Amino acid sequence: SSGLLALLLMVLELSRPSLPSPLKPICDLRVLNHFIKEARDAEAAMKVCREGCLLSESVTVPQTRVDFEVWENKNASEQALEVQSGLWLLQQALNLLRASVTNTQLHSYIDSCINNLLSLSGVLGTLNLQEYSPPTSTTGLEGTWIVSSPTELLQVHLNFLRGKVRLLLLSAQACQQHDVS
């Protein structure tokens, strides 16, 4: 529900008449920090889970390691595509985790993570980035790896938000404050 609230605030901000505003809501890293906190909470809850918290099959997830030299040499579209692809992979993986986990206490944590990813994916469209078309298969997808445990999956989710998503938002043209004086 907090992801939905954040998305609603972002949509309301974008639908306002053009008034000078400091930054778009998604550019305010407090929103992303909130999503990161929820990802950390989900990971912590999964670590203490003893029953009903298995992943039914291995999943493909994005690489989270950032080679800053390579990242800086990519243009904004390439960076956005990498982040959008990673968000999509994480959504698929977390949906499978949600279906696999029988521990109902974990469902709200996983649901929050999924909703936050959906919010981020939707908001990336407001940053004037190209539209993302998901692949038909994750087999052989570049920049990915396979995880088989829920804790690993949630660690990747957390690191992806703290790494590539944050870097993309920090460098997004729409998030840059331009001095018009």
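Here the Cβ of each residue, glycine as well, is placed from N, Cα and C on the backbone.
Heads up, TrEMBL stuff is auto-annotated, nobody curated it.
Copied over from TrEMBL:
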- 1-20: signal peptide (SIGNAL)
- C27-C175: disulfide bond (DISULFID)
- C49-C53: disulfide bond (DISULFID)
Could you tell me which of these disulfide-bonded residues, C27, C49, has the fewest other Cβ atoms within 10 Å of its Cβ? C49
Other Cβ atoms within 10 Å is the metric here; tell me which of the disulfide-bonded residues C53, C175 scores highest. C53
To the nearest whole angstrom, what is the C-alpha distance linking C49 (disulfide bond) and C27 (disulfide bond)? 34
Just to verify a number: CA distance, C175 (disulfide bond) to C53 (disulfide bond), in angstrom, no decimals. 38
Separation of alpha carbons, C27 (disulfide bond) and C53 (disulfide bond) (Å): 34
